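*Asks:* Taken from TrEMBL, the feature domain 'NADH:quinone oxidoreductase/Mrp antiporter transmembrane' applies to A:139-287, A:326-483. Residues or ranges marked as transmembrane segment by TrEMBL: A:20-37, A:49-71, A:91-110, A:122-139, A:145-164, A:176-203, A:274-293, A:327-349, A:356-376, A:388-414, A:426-450, A:470-493 (among others).
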Amino acid sequence: MLPTLVEQLAADSFRVSLPAMLPEIALCATIVGMLLAKLLPGLRQLDSFWFALAGTAIAAGLLLREAAGGLGTIGSHELFTGMLVHDPLGVFARGLLLLVALFFVPLVKITGLANRHEAQDLFTLVLGALLGMCLMTRANHLMMVFLAVEMASVPSYVLVGIVKGRRRAGEAALKYSVYGAAAAGVMLYGISLVAGVLGTAHLPTLGQRLVAAASLPSSDEQLGVLMVLALGGVLTLVGIAFKLSAAPFHFWAPDVFAGAPAEVGGFLSTASKAAALVLLVRLLVVAVPHNALLASTHKEHATNEYTVSFASVPPSAAVSDEPVRRFLTVAIAGVALLTCTLGNLAAFGQTNAKRLLAYSTIAHAGYLLMPLAAATQLAGTDPTAANAAIGAMLFYAVGYVFMNLTAFAVVAFIRNAHATENLADYAGLASVLPFVTTALIFAALSLLGLPPLVGFFGKLGVLRSLAEASGGLMMLLLVAAVLNTAASVFYYLRIVKLTCIDPLEGDPPAESLSLVARGWLVLATMPLLLLGLFPETLARLAAEASRGLFG
Amino acid sequence: MTTTPPLTLLPMLVTLPAIGALGLLIAPVSAAVSRRLTLGLMLLVAALAATLLGVDTAPGPRLWLADWAPSIGTQALLGIDGLSLPLVLLTAALCPLALLASEAINQRVKTFCVLMLLLETGMLGVFLSLDFVLFYVCWELILIPMYFLIGLWGGANRQAAALKFFVFTLIGSLLMLAGGLIAYGHSDLTPLSATQLAAAGVFGPHAVASSGAEATAMQEAWLATGSPSATNFDRAQAEGHALRSFNLLALAQIGSSTDQFAVPLFGGHNAAWWAFVLLLAGMAIKLPAVPLHTWLPAAHVEAPTGVSMLLAGVLLKLGGYGLVRIAWPLCPAAAAELAWLVAGVGAISIVWGALAALAQDDFKRLVAYSSVSHMGYVLLGLAAGSVATSSGGAWLAERWTLGATGAVFQMVAHGVTSAGLFFAVGVVYERFGHRDLRRLGGLINPMPLGSGLAIVLFMASLGVPGLCGFVGELLPLLAAWQAHPLAVAAAAAATVLTALYTLRAIRLAYFGADAPPDDPRALEAKPLRATEILVLAPLALAAIVLGVRPQPLLERIEPAIAARAHALQAPSHTSATAKLPTFLPLTRHDAPDAGRTTRR
């Protein structure tokens, strides 16, 4: 008995699971290699930057090999006895995360945040966080959800305070970790409630039992079960909302982004948010009743002995107007609306560039949540459209990565050149830092969502998914999103006006940007325009990544 | 088989200026050279646009189609018909003139040229796009160059003016986007007949004019190609789910022939109503209509002359064009329901703009307010009726054909006169360094040619018969008379105000006492330079030609509008539009073609 079990486990791990984990293994090896290299006299002089760059590049290469046949050909199967899942969405999301890393690692080298002696600390933390985020995007088990979130969070807390001796940075790191710990605790409690009531933490099984629980004949007992489940779900969502900086759990974001180095802000606001969004999708797919889930539930009824207690449910009684879906739609739509509006309104009065961008990331979290609300509503009636809504979110997330990384990088470059992060000091910079300000303008206009930049197509996709879902709530959300965009004109355009139209004050030094820095900026900015002019490739990739999620 | 070849000229027109801008940005050329290159490119575009005159737009729009981003649901669908042709020509002609008029720009000339080229791409793109997303992209593409053109080269108060322009128009375009998306979200291509789909260009540019069995054959052929859009259509039909579309022609078919947009939304109104309100609000800002017009005088006063010419000559037409192209065809019932509002806003704009112009001492501000007043006629003309729907409305459609034809004519006429007038103001400003009417006077003696041409344009703008403004004002008034007598009466009465402020401006600027010989003014009032004549004379000439012989232009516009308005009906030769020539004694003798209401 035991030997067979071990054999099966070994076969599962070595033949199925590990080959699908190669990028993660590469990241692990890089972290260990980077730390060990400091012990070896010959390698001690070698800059950790090269380790990190090579490690990320190898990981990205391995991921490309995974996706070699196209995203559409990747099947969905479970890894490590169901702890993780390997599917197109996971491959796409990890590709996005590795892309962020491929931009971030050179950036910190260029801006000097990773100086020779402390570089290995920084890169270890970054790659560690990245590893956690990769696991977040393919979690298939509530235990993995929690572990991955923590694995991504703990290095982030330290990253925020990576510059030693700065009080603001220390304060930001402390704030982030205290908030983060509280959010993690709440999330863990929610997870324990859900897993306890349903008797499993394996997400697909959990989804099936949720359907069964929701369609129990109404009684006091069922009401109690549902209330506990709702509470557990909301508490779990709190943890994710924290990672997303979604209102009302966004209060940490401005302080943390203002205190952290701009580069770290760029990393956290893009990679961390993308991972949290994909994790939210994973949870939504099991929480929202949809046809694929219902079909598998009815099969399950016959075999699973636990669900016998629910077996009085006739198979087709399912769920004409599921309370779960309505509850989640309203909850996500409400959070999206609140996040977007709060972020945009609070950004108005900001005088610090990083704080302004922090509120802008909050607002964007709102836009990014909107298609999830649409998908939740569509899941029951039109699964294809629901998948397309997730695809729209993925498209937006990719565009958002480029624009936000560029914006934060420019703040770092300007800090290096002029030792200021005050917006007022950006006046007239276009005449002394033409290269950097051009990139900033591209990023700002793309964040605003002006065509033909990628930000516009991201927003268009979001609005399209809302229009597709139709109905009063979605139209309300659509109009709110449009009005929010209109409100955001003021602060994004202020950046453009300050840098290009306002006169220069004083006599600051001219631009002295290295060739590598220029190259980095070009590589980060060009996608804003190119993905805007030719959105098809990315849109198709995103659609393939989200195909089949809701059946 | 009626096949029409695709027009590859259309994408060239749109992309040429943008490619030129990119090339100019990279190429290390001096200011003078970049100015000459830009002018050359703009002239080339104008020449290419002129060849469009040879395209027969009577059988329906001529299209060019490419798959752009099928995953997002949008295609690169460009088309030219009698509605867009005059405005494309206007744009292509005004751009080089505006560049010639920008001689005074001597700082950052290369950037200026790049921005002007981008602006041209955006403007041509709006008039040629028949896909809502592409339309919106081009519409917004105008914003950034215009913002910088005003903000960098404008007058003393340029920052506030540029910001105001940007904020107002962006809010307007976002409202428009919301309106378009509401229509998109309720649309479904699959129930349309093959003929309708063919007419909307869904099967490609070749099949536009096919109908009946021929269209069905085209559909089969199209489905067999397996292109992304064909596959989507096939799948939607097989699985029975809706296939949304951004294709403006298809959306217009849906709006007039189905009740897909009649789904209740909020407040007891249906989706079409809300889409119309949002589209109308967005485009009224761009038009601009009172009370959403306040960005316009500010932007005009601060903008440099050449930019002002394009702003008044082309940008103000975008709103009106959008209304004719999108708002009315998509939501005919809502348009008919809200016609009173549109007519009221139009009449108020006419009166308010005229009153405001009367109170101005700044020459340029006066012309700016006169633009607000003149754009009111566009709204009034459109409010005359609506597009026919499956539930009838032939009468409305006939009125609308006349009114919208008048509105489009008025747009072209105003494009010519206002561009000329802003240039005339620029000429005065360049010589005196101010635009205060009270301190001008007697210009006709030192500058006879310049003043004479300017006065011709003023008269055209005033609506003197025989010049282009007359036709453009008369047609909307005639069309709207029965539906909105009060609004038309107000508008007609306001022509007195128009005469007052125009004649006052002419008197103060060009007539009056000559400057005494020792006054520096007399020295400054130099006659027009050759380039200035080159800008002003064609515009004055166009104002006269369009006034004396409006028929060729009307004959281009009217069938396109009629085809839109009567999309559901057989061609009717006894429609109200047959009355067109009798209203216009000047053109009675070329009547045989004028009664045509639909494609030949």
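Each residue, glycine too, has its Cβ placed from N, Cα and C.
Annotations in TrEMBL come from automatic prediction, not curation.
Quantities reported herein were computed from a predicted structural model and do not represent experimental measurements.
Describe each of these features in terms of where it is and what it packs against.
*Replies:* Beyond the transmembrane segment (A:49-71), the same-chain residues lying 6 or more positions past its ends with a Cβ under 8 Å from any Cβ of the stretch are 20, 22-24, 26-27, 29-31, 33-34, 37, 88, 91-92, 94-95, 98-99, 101-102, 105-106, 109, 114, 119-120, 123, 126-127, 130, 541, 544-545.
Residues 23, 49, 52-53, 56-57, 59-60, 63-64, 66-67, 71, 74, 119, 122-123, 126-127, 130, 133-134, 137-138, 263, 266-267, 270-271, 274-275, 278, 394, 397-398, 401, 405, 409, 412, 514, 516-517, 520, 523-524, 541-542, 544-545 of the same chain, all 6+ positions outside the transmembrane segment (A:91-110), place their C-beta atoms under 8 angstroms from a C-beta of that stretch.
Residues 113, 118, 121-122, 124-126, 128-129, 131-133, 135-136, 139, 170, 172-174, 176-177, 180, 184, 187-188, 191, 236, 239-240, 243, 256, 259-261, 264, 267-268, 272, 275, 279, 282-283 of the same chain lie 6+ residues outside the transmembrane segment (A:145-164) yet bring a C-beta within less than 8 angstroms of a C-beta in it.
Counting residues 6+ beyond its ends, the transmembrane segment (A:327-349) has Cβ neighbours under 8 Å at 230, 233-234, 237, 241, 245-248, 250, 254, 284, 287-288, 356, 359-367, 369-370, 372-373, 376-377, 473-474, 477, 480-481, 484, 487-488, 490-491 in the same chain.
Here the transmembrane segment (A:356-376) has long-range neighbours at 244-247, 250, 253-254, 256-258, 265, 269, 273, 277, 280-281, 284, 288, 325, 328-329, 332-333, 335-344, 346-347, 350, 386-387, 389-390, 392-393, 396-397, 400, 404, 407-408, 411, 423, 447, 458-459, 461-462, 465-466, 468-469, 474, 477, 481, 484, 488, 491-492, 495, 550, meaning same-chain residues at least 6 beyond its ends whose C-beta is under 8 angstroms from one of its own.
With a cut-off of 8 Å between Cβ atoms, the residues of this chain six or more beyond the transmembrane segment (A:470-493) that come close are 329-330, 333, 336-337, 340-341, 344-345, 347-348, 350, 356, 360, 363, 366-367, 370, 373-374, 377, 444-445, 447-449, 459, 462-463.
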*Asks:* For the transmembrane segment (A:274-293) against the transmembrane segment (A:20-37), do we get 3 or more Cβ-Cβ pairs below 8 Å once near-sequence pairs (under 6 apart) are dropped?
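*Replies:* Touching, no - the transmembrane segment (A:274-293) and the transmembrane segment (A:20-37) miss the threshold of 3 or more Cβ pairs under 8 Å.
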*Asks:* By Cβ distance under 8 Å, which residues at least 6 away from the ends of the transmembrane segment (A:176-203) in the same chain are close to it?
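*Replies:* The answer is 82, 139-143, 145-146, 149-150, 153, 156-157, 160, 209-210, 213, 225, 228-229, 231-240, 242-243, 249, 251-252, 256, 282-283, 286, 306.
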*Asks:* Same chain only, please: residues at least 6 beyond the ends of the transmembrane segment (A:426-450) with a C-beta under 8 Å from a C-beta of the stretch. Say none if there are none.
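*Replies:* Sequence-remote neighbours of the transmembrane segment (A:426-450) are 353, 360, 364, 399, 402-404, 406-407, 409-410, 413-414, 417-418, 420, 456, 458-459, 485, 488-489, 492-493, 495-496, 498-500, 502-505, 508-511, 513, 518, 521, 524-525, 528-529, 532.
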*Asks:* So which residues does the transmembrane segment (A:20-37) touch in its own chain, when a touch means Cβ under 8 Å and the partner is 6 or more beyond its ends?
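*Replies:* Hits for the transmembrane segment (A:20-37): 43-44, 46, 48, 51-52, 54-56, 58-60, 62-63, 65-66, 79, 84, 86, 94, 98, 120, 123-124, 127-128, 130-131, 134-135.
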